[in-house]
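These features come from TrEMBL:
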REGION    1-32  region 'Disordered'
COMPBIAS  18-32  compositional bias 'Polar residues'
DOMAIN    71-109  domain 'EGF-like'
DOMAIN    111-146  domain 'EGF-like'
DISULFID  115-125  disulfide bond
DISULFID  136-145  disulfide bond
């Protein structure tokens with residue numbers, strides 16, 4: 001269920017103040033609350049549709065009645081998606097958008113294929129719910145298989161923040177340790 005709150009509006013032809021009341025002769029009002037200013041609240045927990053008779057009365061005692069039907073609308077979102085009230089539509093009329101991480105479509109009916117953009121540079125992409133994994137080809141590593149084993153600098157051969165030069169053949173040259181640290185550039189200690 002959802003907690004429904006809304007304000008009912010009515011205009012008096014003479015511009016007089018109006019008040020709202022609900023018919024209390026029915027044995028059950030299913031938890032519908034109505035304030036004299038038209039503020040209505042209801043927490044839906046009963047799946048059976050029901051009607052509530054609301055009377056609008058002006059300062060002179062003239063009145064009009066309107067029947068409102070209350071009904072719980074099932075959330076159409078699939079894959080544990082959340083129904084979010086559509087802010088562009090009137091509240092309480094069953095208009096929702098679906099929010100569902102890892103899925104797309106009006107009702108979250110299709111899983112998003114994160115491999116569609118080919119994120120694995122030198123490897124095979126495996127689509128998983130709300131993400132992907134890369135299985136890297138020989139000679140490559142990294143989350144997107146975009147680091148060559150020959151690129152020892154990209155693999156972090158030097159201490160973080162130290163300049164690194166790939167010399168080829170599995171060799172690198174590391175620069176000086178950062179200020180306040182000492183060592184050979186591969187290993188620095190503070």
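The backbone N, Cα and C atoms fix where each Cβ goes, glycine too.
Automatic prediction, not curation, is the source of TrEMBL annotations.
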Residues satisfying Cβ distance under 8 Å from residue 136 (disulfide bond), sequence separation of at least 6: 120, 122, 123, 142, 145
Distant-in-sequence neighbours of the domain 'EGF-like' (111-146), which means Cβ under 8 A and at least six residues beyond its ends: 79, 101-104, 154-155
Overall pLDDT for the domain 'EGF-like' (71-109), taken as the rounded mean: 87
Assigned element (helix, strand, coil) containing residue 115 (disulfide bond), judged by DSSP: helix
Sparsest Cβ surroundings (other CB atoms within 10 Å) among the disulfide-bonded residues 115, 145: 115
DSSP-derived helix, strand and coil totals, residue by residue, for the region 'Disordered' (1-32): 0 helix, 10 strand, 22 coil
Intrachain C-beta neighbours of residue 125 (disulfide bond), sequence separation six or more, cut-off 8 angstroms: 114, 115, 118, 119, 132, 133, 134
